[in-house]
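Q: This is the structure I want to talk about, given as structure tokens.
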Amino acid sequence: MPLSYQHFRRLLLLDEEAGPLEEELPRLADEDLNRRVAEDLHLQLPNVSIPWTHKVGNFTGLYSSTIPVFNPDWQTPSFPNIHLHQDIITKCEQFVGPLTVNEKRRLKLVMPARFFPNSTKYLPLDKGIKPYYPENVVNHYFQTRHYLHTLWKAGILYKRETSRSASFCGSPYTWEQDLQHGAFLDGPSRVGKEPFHQQSSRIPSRSPVGPSIQSKYQQSRLGLQSQKGPLARGQQGRSWSLWTRVHPSTRRPFGVEPSVSGHTNNFASRSASCLHQSSVREAAYSHLSTTKRQSSSGHAVELYSIPPSSTKSQSQGPVFSCWWLQFRDSEPCSDYCLSHLVNLLQDWGPCTEHGEYHIRIPRTPARVTGGVFLVDKNPHNTAESRLVVDFSQFSRGSARVSWPKFAVPNLQSLTNLLSSNLSWLSLDVSAAFYHIPLHPAAMPHLLVGSSGLSRYVARLSSDSRILDHQYGTLQNLHDSCSRQLYVSLMLLYKTFGRKLHLYSHPIILGFRKIPMGVGLSPFLLAQFTSAICSVVRRAFPHCLAFSYMDDVVLGAKSVQHLESLYTAVTNFLLSLGIHLNPNKTKRWGYSLNFMGYVIGSWGTLPQEHITQKIKQCFRKLPVNRPIDWKVCQRITGLLGFAAPFTQCGYPALMPLYACIQAKQAFTFSPTYKAFLCKQYMNLYPVARQRPGLCQVFADATPTGWGLAIGHQRMRGTFVAPLPIHTAELLAACFARSRSGAKLIGTDNSVVLSRKYTSFPWLLGCAANWILRGTSFVYVPSALNPADDPSRGRLGLCRPLLRLPFLPTTGRTSLYAVSPSVPSHLPDRVHFASPLHVTWKPP
């Protein structure tokens, strides 16, 4: 007869009619009973031959991705001119007085951020844009290129000009200028004042691209500037438009312009196939002999192009420079030939664009280190796209980077901190990750880009193969013409116009601000926002500012007070160069929505959309059918988030955790499903802990337990000896049920930690319910008043300790000790006794 649900509830002491707790509870620690119940509920059955279920409602296995949907009308989001001020520490000090050591350390971490992986794997440019949408290859290519171009224009990416130089838009930081031979970028006064220099012969010859750039430049990670002779410099104004290598090189740097000095670079024919001859850019743009460009100092800069004749290779016939413009002079091969499209415009614009500033970078190969693709911005906003960058190579394999850990407030700390009668609002930081600047030395490791449209299309169409010897010759120019490509490009022409030409060229971009796809970024963002909030909290001691990643919340006593705080904080953040999105500021009233929780003066509960998800999950959950452990991972993730709000908490999910660990399928019995279902249908808020004096103490030995409740002492014995942790847990439960006290003193670290998942399953579930909302204070064994009763000695009465309990707010220091501050700020309090901070994260 399988265990009925009612009987199971009674067994777990969840119903009122249970006998005395001192008799009932120790039974739940019995191994034999736990085994029988597990068998009854199919909790640990050996593997079964029934096929596993791989999908439950929306939950599929962890690694089976849902099929993404491409939207041809995606809008590329606009990025404001984000420039975090370099003197951020000075500005904060003007605002709040001297910063604490902690705040300074955190702000220095992101000014600039540095990234040096152990080794970097370089991928061919063809892998730059992932063929994520096979039906919309060309459309996705151009949308992605447009997104990358937008990021470059917004100063978020560097563009690789040559293997040792890059250009960017926006405002430069001093560490970018320092790379220019230790000097600032040339000011307008120095235009043309310097003679032309030959490059010094001391420059080491180029070594082949190794798996790791770092080793060679260990001494100076920024590319050995100290040993370099001055680079060839023409009369070109402030931002160097060209970097030329004066000694003839057999490998031409990717994407470099023809050299101004007049030397003809000798290309090897091999490089034609591997670096795609469109690297000779403006040579093809022959109908415009010079292109004017505003330099950053406001002077027009002229770039003289070499006539195409000088760029011919000696070893083969004419090499065509620009794949796109070649179609202009060729005969149409069909009705869908690209030459029809190219002839629509006389002026297709330049082959490449250059940034306002040029800097030196460590040697960067013409490769990428991660692929990119587009997805919906979020489930609620499918009109805009979001760029996904896959730098997962740094988290995999033997050379993987172990990312720094950082403190995330646990649920109880968060509740202690934010559960109050304040009015709340949350600020939206636009493109938060793109605020934090990266040092240029990280550029060779974080490269994205594309190989240009011609190679991209050729790669994907199996019938046209790129042969080394015929690349760029007429016979395979029209190989890429097809009806599908022609129709796609005609439609895209309406959107992008003459930019189609620019986007069809290869490009390599490195990150100038931290990208989302690297494990370092969340850490840096968390450090940055927590330091800023710490500064705000000290400037307005009567208010509360708190952040988790890019989610910043402000709380104040009244709505009027909150509005004035909002104005002051917004102005402060804008003065630092942090961009806020005022349209997305949310005013929450007295219950704050934050990190998936609703937090009010009554405590914390999960947000409504999460409870709806849980209900839906239980509706779809099959009974008596083995479910794939990967699907169980998804289910447990959802249920685990809401577990602290249920009667039995995490211990109720232990059977699921066990099967995931064993990588076995899990079968829900009707009783276990009904039990979980009932658990999650009634959620109880997690309340904030209150400070107080501990009056109740519990202690146990393997054979007996003892309590000290005020001046009263109690003791009892167990039927059979129990493991010490189990005995201590039982004693704590008895203390709670006898006294009703929410504050109990114990000398057992496991009970203090409130992790009841390692106890016998039934006992863990019952204890979680009995001890819900209880706070523990650590009392050393020698001073524990319950120590004597637990050893059977009632006569001796040790005096009760005065043990105060102060709830902790995790690592969020609300009472940061300020360095000497202006006198108008009130004195701050500092609680730092290890004995008082007794709370351990659940």
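Glycine residues also receive a Cβ, built from the backbone N, Cα and C atoms like all the rest.
What Swiss-Prot records for Asp428, Asp550, Asp551 is Mg(2+) binding site, and it gives sequence analysis as the kind of evidence. Per Swiss-Prot, the feature compositional bias 'Polar residues' maps to 212-228. Here Swiss-Prot flags 356-599 as domain 'Reverse transcriptase'. For 1-177, the entry in Swiss-Prot reads region 'Terminal protein domain (TP)', with the evidence type sequence analysis. The region 'Spacer' annotation in Swiss-Prot covers 178-345. According to Swiss-Prot, the feature region 'Disordered' maps to 184-238. Per Swiss-Prot, region 'Polymerase/reverse transcriptase domain (RT)' is recorded for 346-689.
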Q: Taking the centroid of the Cβ atoms of Asp428, Asp550, Asp551 (Mg(2+) site), which other same-chain residues have Cβ within 8 Å of it?
A: Ser426, Leu427, Val429, Ala432, Ser547, Met549, Val552
Q: Can you check which residues sit near Asp551 (Mg(2+) binding site), meaning Cβ under 8 Å from its Cβ, same chain, 6 or more apart in sequence, and list them in order?
A: Ser426, Phe594, Met595
Q: Roughly where does the region 'Terminal protein domain (TP)' (1-177) sit in mean pLDDT, to the nearest integer?
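A: It averages 82.
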Q: Are there any residues at least 6 positions away along the chain from Asp550 (Mg(2+) binding site) with a Cβ closer than 8 Å to its Cβ? List them or say none.
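A: Sequence-distant Cβ neighbours: Asp428, Val429, Ala432, Phe433, Leu525, Thr529.
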Q: Using a 10 Å cut-off, grab the number of neighbouring Cβ atoms around the Cβ of Asp428 (Mg(2+) binding site), all chains included.
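A: For Asp428 (Mg(2+) binding site), the count of other Cβ atoms within 10 Å is 16.
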